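K.L.:
Quick paste from TrEMBL:
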{"type": "TRANSMEM", "residues": "A:12-33", "note": "transmembrane segment"}
{"type": "TRANSMEM", "residues": "A:39-60", "note": "transmembrane segment"}
{"type": "TRANSMEM", "residues": "A:67-86", "note": "transmembrane segment"}
{"type": "TRANSMEM", "residues": "A:98-117", "note": "transmembrane segment"}
{"type": "TRANSMEM", "residues": "A:126-144", "note": "transmembrane segment"}
{"type": "TRANSMEM", "residues": "A:156-184", "note": "transmembrane segment"}
{"type": "TRANSMEM", "residues": "A:205-222", "note": "transmembrane segment"}
{"type": "TRANSMEM", "residues": "A:228-245", "note": "transmembrane segment"}
{"type": "TRANSMEM", "residues": "A:252-271", "note": "transmembrane segment"}
{"type": "TRANSMEM", "residues": "A:330-351", "note": "transmembrane segment"}
{"type": "TRANSMEM", "residues": "A:372-393", "note": "transmembrane segment"}
{"type": "TRANSMEM", "residues": "A:405-424", "note": "transmembrane segment"}
Amino acid sequence: MTAKRRGAQLGMLAFAVLIVMGAYAGVGLGINGKIPSGMLGYGLGLGGLMLAAYLVLAKWAPWADPLLLPLVTLVNGLGLVMIYRIEQAGQPGASATSQLMWTALGVVMFSATLIVLKDHRTLQRLTYTAGFVGVVLLAIPALLPGSLSEVQGAKIWIRIGGFSIQPGEFAKLALVVFFAGYLVAKRDVLALAGRRLLFIDLPRARDLGPVLITWGFAIATLVLEKDLGTSLLLFGAFIAMLYIATQRTSWVLIGILLFVGGAFLAGQVFSHVEARFNVWLHAEDPALYDAGGGSYQLMQGMFAMGSGGILGTGLGQGYPKLIPLSFSDFIFTATGEELGLTGLMAILMIYALIVERGLRTSLAARDPFTKLLAGGLSFILAWQVFIIVGGVTRLIPLTGLVTPFMSAGGSALLANWMLIALLVRMSDAARRPPPQAIQDEGLTQVMQR
Amino acid sequence: MNSTLKRVSVACLLMFGLLMANVTYIGTVKADGLRTDSRNVRGFYARYAIDRGWITADNGKTTLAKTVDSGDKTFRFEREYPLGKPFTHVVGWFAPESASGIEAAMNRYLDGSHPDLVVRRAIDMVSGKPAKGASVDLTLNTKAQEIAYKDLAGTGKRGAVVALEPKTGKILAMVSVPSYDPNPLAQVNKAKVNAAYNKLDKDDNKPLLNRAIDLTFAPGSTFKTVTSAAYLSDDTSRDENTQVDAPDSLPLPDTNISLPNYHGESCGGRATLVQALTISCNTPFAIMGMDVGYDKLKEQAEKFGVGQPLEIPLGVAASNIGPDEGKAALAKTAIGQQSNQMTPLQMAMVAAGIANQGTVMKPYLVNKIMGPDGAEIDGTDPDELDEAVTPEVAGELTKMMIGVIEHGTGGAAKLPGITVAGKTGTAETLPGKPSHAWFISFAPVEDPKVAVAVFVESGSAGNDATGGAVAAPIAHDVMQAVLGQ
């Protein structure tokens, strides 16, 4: 029988907050030799928030995985410290206060999700609602005029007054819920084999419909919103979930072929996709480096990581201001300069552990919907880290995405805290001991002391 | 679904594995290339994050290069050169992307990265202080250096002055003219520095070159001291009073040309070595050179340091008496012409070697290195380079060179109450072009404290410039500055 391990969870949570506070002090010491004056406030703020999250979790999901909350706290806290550090360096746009506020709202969303959603299987009933919400959220920026939706070439925002929301982050959640519900219902049909080609069982042509529709949305996102990142993220998650549900490798191949083909065609028509590839392949080329929209930012990130080397310069002692958007898309590289390879490996390890806890929940779950939802959410988190970190480290072409929990940005923080709440809710269900079987009615019940 | 979930888990593991492998590749294999990429400005910033050690002279009493805390966050420590032009070629400058002179040669001490400083650096790192470099104290005598610069530059001449302490090899003065203000090259603005540098680089007078060590010139009659050294050493029965042939004109073997004396003067057919050197006859030394032969002359020159690689710690261009091109060429080589090319430093070493009873000391500029706390880390110990001649031959050469000052072409270098030895030189350059003017000397003869070589470049001091008229007065002032203390 699984134990609740609540003491361990609280201990690790305290440890995570302690590491973040240490890093926060390190920034102040690195910059001007003093412990930052706001440290106590920030420390109490973060500690209080996480204590609240813990109490909610202990009451409403007592059997939940004890590692998820401390891990997320750690990576969220380190992101907060990096944004504080970049703000100190004077990069416009970086604001630790606003990030802390969004973290607080994220924890509120986390708690609200846990409290409201007593049983995640309610979501299965909302499959098509979720699908509709997801598509609408995704489509809004494309339909809005550019003045309300476009920032630096990507049409992925809703900007009202001083606020801006990235609906795609929430669409991500809704669509994974939709995929899970839909695929659980249709997986038997989709798994039916059609013709066999070489070693692969091809699906029947008539079952291609849903795949083609999703593909169409992905390509539309790419074309209309110039957002290769979200497009790749959602389509990849869909294919992975399709594979989990149907156990058919052919779907994966068909999906990859469709997407690569679509992206290739889009690349022929729209210059920005091809430009991304060029920048990726020839980033060090001086001509591309100097060109507007060229490889300058990518190379600045590489320079930062190279200069950080194995141990990094130490917090507060690098030059994050040199990297454009070092507090959002490129926060990973700014971290690499100051914490070095060592710090980056630690952060990747934290992400890997979160994903591992999610997948474990999925494996332990008792019903297919939970399995698929937990698997899909875990995969999309891993996939997102892979796309953005791979992009800024030149492993794959760069597509703008948020580094989960680290990058500055309210929508992403809220959505990702909700994602964690869903995983926590499902792990609680998976780890909760099954109800005691009622003993055979024919026998006298034995009193238990 | 568990089997596919497990496969997806493996895929996730693979993705993280790829990310980690790639980050490791960047942080280790690629790191150095990225760190040193010219487009990565961190290296440029880092140069100004170090409290660079100072460069001083006169045992630390005079500051030649200092670091100023500007308080700026990005470019905190800036470099200044308070005494400017006279010292530029020795001290050098610390520019955004390069450095020269002592600033370059002693960089690892000045910026604290030298292994000797590793403990102090670690202490600074732990205590959170900015890294501080060691200071370098030079052997220069600032009075001698400034008078040498004033004498050369004041009259628009180009050239070089080198003064050595004969017994140790300490470089007391090293001046190259024209010089330039190093401060504009030490700004933190790359574009301004490049503009200033390019202007100097394009200047026809080549101010960026240190004429004392970067270039070689025909030494003219000053080289007769080396020829005499070879001749005297070749046969111990010879001395300064040995009579040699001194014809008015010497037909050169295998040619139809004759070597005259300077301005066609007569040396009377026969002369002692003292007389020949005193009035600087050409023919007797040409004959002596042919008499000892190329190999022995070359060997003698090498014993004075010619052709030996030197780091003082600045790099020194190799001097060379030229290839063996037959007797006629050798006759000209022996009087410092033909392909005979010497740095001014090399000629100062010849004077210093004769002064120091025949032993040439290795020349050096760094007196000592002091840690950030002021304690001496390292000092330079004088080192012998070679024994050029025996003390006897050195004594004979000295007597010949005293004659030059007392009765001959070097009268302008006389010092009241002090015995000076020296030799003038007026080296032909290209046909129709004015000559280079040279002068080498040392004093006091009884207990040599300073040896000087003065070189004035062709055309910068009038068309009829001679070593005695143009170069000797400068040597006079430099020797006086050193001895006057």
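Cβ atoms here come from the backbone N, Cα and C positions, even for glycine.
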K.L.:
Counting Cβ pairs under 8 Å that sit 6 or more residues apart, are there three or more between the transmembrane segment (A:228-245) and the transmembrane segment (A:39-60)?
P.N.:
no
K.L.:
Kindly say whether the transmembrane segment (A:372-393) and the transmembrane segment (A:67-86) touch, using the definition of 3 or more Cβ pairs under 8 Å where each pair is 6 or more positions apart.
P.N.:
no
K.L.:
Does the chain bring the transmembrane segment (A:98-117) near the transmembrane segment (A:67-86), so that three or more CB pairs sit under 8 Å (pairs 6 or more apart in sequence)?
P.N.:
yes
K.L.:
Against which stretches of its own chain does the transmembrane segment (A:67-86) lie, if we need a Cβ under 8 Å and a gap of at least six residues from its ends?
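P.N.:
For the transmembrane segment (A:67-86), the sequence-distant neighbours (Cβ-Cβ under 8 Å, at least 6 residues beyond its ends) are 9, 12-13, 15-17, 19-20, 23-24, 27, 31, 36, 42, 46, 50, 53-54, 57, 94-96, 99-100, 103, 106, 315-316, 320-321, 326-327, 331, 334-335, 338, 347, 350-351, 353-354, 357-358, 403-408, 413, 417, 420, 423-424, 427.
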K.L.:
Rank A:12-33, A:126-144, A:330-351, A:405-424 by Cβ pairs under 8 Å to the transmembrane segment (A:39-60) and hand me the top one.
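P.N.:
Of the candidates A:12-33, A:126-144, A:330-351, A:405-424, A:12-33 scores highest.
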